[in-house]
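Per TrEMBL, these features apply:
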- 526-649: domain 'STAS' (DOMAIN)
- 146-163: transmembrane segment (TRANSMEM)
- 175-196: transmembrane segment (TRANSMEM)
- 208-226: transmembrane segment (TRANSMEM)
- 256-273: transmembrane segment (TRANSMEM)
- 285-305: transmembrane segment (TRANSMEM)
- 344-364: transmembrane segment (TRANSMEM)
- 376-396: transmembrane segment (TRANSMEM)
- 416-434: transmembrane segment (TRANSMEM)
- 441-463: transmembrane segment (TRANSMEM)
- 475-498: transmembrane segment (TRANSMEM)
Amino acid sequence: MDPNSCSNIEAETKEMDARSLSASHQHSQYLHKVGIPPKQNLLREFIARVKETLFADDPLRPFKDQPRSRKLVLGIEAIFPIFEWGRSYNWRKFRGDLIAGLTIASLCIPQDIGYARLANLAPQYGLYSSFVPPLIYAFMGSSRDIAIGPVAVVSLLLGSMLSNEIDPNQNEAEYLRLAFTATFFAGITQVTLGFLRLGFLIDFLSHAAIIGFMAGAAITIALQQLKGLLGIQKFTKKTDIISVMRSVWGSVHHGWNWQTILIGVSFLSFLLLTKYIGKKNKKFFWVPAIAPLISVILSTFFVYITHAEKKGVQIVKNIEKGINPSSVNQIYFTGDYLLKGLKIGVVAGMIALTEAVAIGRTFASMKDYQLDGNKEMVALGAMNVVGSLASCYVATGSFSRSAVNFMSGCETAVSNIIMSCVVFLTLEFLTPLFKYTPNAILAAIIISAVVGLIDVKAAILVWKIDKFDFVACLGAFLGVVFASVEIGLLIAVIISFAKILLQVTRPRTAILGKVPRTNVYRNILQYPEATKVPGVLIVRVDSAIYFSNSNYVKERILRWLMDEEEKVKAACQPTIHFLIVEMSPVTDIDTSGIHALEELHRSLEKKNIQLILANPGPMVMDKLEASKFANLIGDDKIFLTVADAVSSCSPKRVENV
């Protein structure tokens, strides 16, 4: 294009700007101004912020305007919800709980024996952990559907972390003491989080990371069971896939036992078939629920009549009879193992808590009732603290058992009491019957149970929704499978925090344009039909502006401006004289953010460009006034909407857009 014609357009633009500013001065009297919030008392503001952070659900609301006696009753019900829903308990509900309790008991008994082995503990400790903790939870928990007991992931995590400190074969007594110590501190961690209402901390482990972690743990657990499924006696203590497969194939010629393989593979096929039947037809949910107990009974009878243990088939042998002995004196409260138990307990407690809360929320949404997360934490913590004093290791909500509990028609937490009673009878009278139970069947039960933890559909959905989330999912998965459970967990936490930091330090910004035949301004990438206003650049910042991102926000806006100046110059369009920053998504701003705006203002002044703000929120407006920044740019440069701002600085052009 001819340079003379460009200079003519520039001259016309300046004349048009002069008329626009004159018109804007007349037009401004009709514009609504941004309100300045009243000054807040600093102490009240701080209290309000703390209350909103820790007491967002307003737990004391039921206590308002109540007599002292009623407050006492409400306080007891808050700690022990069973006294609240117990008043309306009836025979119909008990019938549902009875069936559900018996069903999950048939599932939990063989699982508990197997999960105890995952934690490198004797089988009875798995049963102990399904006796005392469910009773405590039934009185204190707020979920109607969670079934309490040992779970595969936490058992593996405990077994892995504890064995790094003490060899369970060479020093069984010390290992057991450390397990009880870790359980005690897991409970203390959970109670503390609930009591201080810090449950939001577990949300820092993203859902995507949990999906990957669980899938990796499921594969690791399944690989660990190859020892029992193939009858291998010498097996690696490492959990990564390379070490396990090297151990498996290294013993193929002299370590595998064909009788064990026959038993294990046969019953594993049976268990997977029953799972398939239950999944295809919800009416047959009870089939996979009772299949593990049937498998144990049949395999035990088979080994007993054939004396397969004499042919190399490894069996459970003796399970100690009787209910939980006291372990009060076995917990480390001093010495070197105190800190080790504390560290293991905190990690195990957080993972157990994450799994239980996720399960509880899932089933609560299905039945449309509210789950109090903080009450859940206190209940789970209390049951683990009490459990650690009664020879239990970390228990939590089990997804497989909770699903069966839900499908069986449970009405309340009484189903946990029923299950606990069945476990009590088993410990008192039935443990000798498990003497000839082959280890292969326990391995098969565990493998069939953890298969459900691998959620491929959820991983694919994560990939479709958010690629960075998928990186967290994949990182956690690979960390568990190729390194260890602890490394996988660490990777999951690191990537989750990295995502938060990335979003905080690099917030999204966008250029806005006017949607045709409206007074609305939107992102031009989302709305390609939206048109830019000549001589005006409109930028939106989609985040609070803090010290962590203030410099980036300033530089990104200047880069937008530089890019736009190059475009309008190449197209011989009117030069940019106004930069409007849409601030409705900016929920807050700090001193660094104000300083960045001041620097932006100075940079724009050198270019003869006016800085204009649109729709700052109350917190932001209060700080703009307190810092005198509003006076710096002028109160007439802060508008209620982008449309007002554009109309004020360039009304003639808006009419033509």
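Glycine residues also receive a Cβ, built from the backbone N, Cα and C atoms like all the rest.
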Candidates 146-163, 285-305, 344-364, 475-498; stretch with most C-beta pairs under 8 Å toward the transmembrane segment (175-196): 344-364
Closest-packing stretch to the transmembrane segment (256-273), where packing means Cβ pairs under 8 Å, from 208-226, 285-305, 376-396, 441-463: 441-463
Most Cβ pairs under 8 Å with the transmembrane segment (146-163), selected from 285-305, 344-364, 376-396, 416-434, 441-463: 344-364
Helix, strand and coil residues within the domain 'STAS' (526-649) as assigned by DSSP: 62 helix, 21 strand, 41 coil
Stretch-level contact, the transmembrane segment (285-305) and the transmembrane segment (376-396), CB cutoff 8 A, at least 3 pairs: no
Averaged pLDDT, computed only over the residues in the domain 'STAS' (526-649): 93
